[in-house]
Amino acid sequence: MAAAVDTFLFTSESVNEGHPDKLCDQISDAVLDACLAQDPESKVACETCTKTNLVMVFGEITTKANVDYEKIVRQTCRDIGFVSADVGLDADNCKVLVYIEQQSPDIAQGVHGHLSRRPEEIGAGDQGHMFGYATDETPELMPLSHVLATKLGARLTEVRKNGTCPWLRPDGKTQVTVEYYNENGAMVPIRVHTVLISTQHDETVTNDEIAADLKEHVIKPVIPEKYLDEKTIFHLNPSGRFVIGGPHGDAGLTGRKIIIDTYGGWGAHGGGAFSGKDPTKVDRSGAYIARQAAKSIVAAGLARRCIVQISYAIGVPEPLSVFVDTYGTGKIPDKEILKIVKETFDFRPGMIAINLDLLKGGSRYLKTAAYGHFGRDDADFTWETVKPLKWEKPQA
């Protein structure tokens, strides 16, 4: 590749599990998991908000499950590491408010006919449009800028919890800028331009120690050496002080980190959040199947990069539209790829739930609620399974 090649910079960010918005996502999904574990037909729309010494869960839940919401809130906070006021929240002594009502009967009869409908007849839980995206620039078929930002956040938590960096506290943010080359519509990462980490810390540590530890224990194990050079810029706790964090530092809300949850600013987003929603909510199940479709297209060699959009009307099972764009990287025309996608994937919400096994609780959704819903190597992330697509390579 010539040195004078045209490149551009693209940035993705992430936050780790102690960020107040992410804390809320995890509580909402922990509630969903608990409901589905006892009653797979649970209808859940659970929101969470938090501020100093307070967590509130609110929303609409119709379930046969017997769920202790307060216990789930405290356990989730505890597991993240919010065990005292000085780290941002005290799981055992904070105030927990619960305002949960039943799903509106108007919505219930329109979506699932009060549970009288067969799975293929279940309508979408709401209107909306969702996107799935995939790119061949990483083994996960995800954007590199997003993958690196996400892995830095996960690694920050790992070295906090295993004691490698005892000065760390739960809250933290990461951001990675990658220099790319556009190869006829496909994205080719050349180098990491900038790495930014802002992490909550205790009073004992100096900024120099923070920078040294982050380079050695967080950045080095995560970012492959081939992407770093002498020109790579590092901003490590650039504000100079981040002792107050978690809900004490900022208020948190479910559904405020939807780009971090998906593709780090690549592709597109229909605006609907994931956490705290059961699979009849197409904001979640639609985005999951759209990712599976896009990933399968790239994995099959049909394209190097791809976006899939689907849209729904409330109460209607079939999608209103399906759209595929391969950014000019398709081996066959996009309209032919679209035909293959429509033949291979069942976009009806009830069938998505069955085909991707989305009615299973446990800690399944809690796992998705931090460090991204896509590109994860975990059997519970069923939408990451590539479906084989039948197509003929065009004759040269």
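Using N, Cα and C of the backbone, Cβ positions are placed for all residues, glycine too.
Annotation comment: Swiss-Prot describes GLU13 as Mg(2+) binding site, evidence class similarity to another entry. Around GLU13 (Mg(2+) binding site), the same-chain residues at least 6 positions away in sequence with a Cβ under 8 Å from its Cβ are ALA149, LYS173, THR174, GLN175, VAL176, ILE259, ILE260, GLY264.
Neighbours of SER239 (ATP binding site), defined as other CB atoms within 10 A of its CB across all chains, total 7. For HIS19, ASP171, GLY172, LYS173, SER239, GLY240, ARG241, PHE242, ASP250, ARG256, LYS257, ALA273, LYS277, LYS281, the entry in Swiss-Prot reads ATP binding site.
The K(+) binding site feature in Swiss-Prot is assigned to GLU47. The number of other CB atoms found within 10 A of the CB of GLU47 (K(+) binding site), across every protein chain shown, is 22.
Taking the Cβ of ASP250 (ATP binding site) as reference, residues of its chain lying under 8 Å away and at least six apart in sequence are, in sequence order, PRO20. Marked as L-methionine binding site by Swiss-Prot: GLU60, GLN103, ASP250, LYS281.
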Taking the Cα atoms as reference points, how far is GLY172 (ATP binding site) from GLU60 (L-methionine binding site) in Å? 31
Measuring CA to CA, name the entry from the binding-site residues GLU47, GLU60, GLN103, LYS281 that ends up nearest HIS19 (ATP binding site). GLU47
Rounded distance in angstrom between the Cα atoms of GLN103 (L-methionine binding site) and LYS277 (ATP binding site): 12
Just to be sure I understand the packing, how many Cβ atoms besides its own are within 10 Å of the Cβ of GLY172 (ATP binding site)? 27
Across every protein chain in view, the count of C-beta atoms other than its own within 10 A of the C-beta of LYS281 (L-methionine binding site) is 22
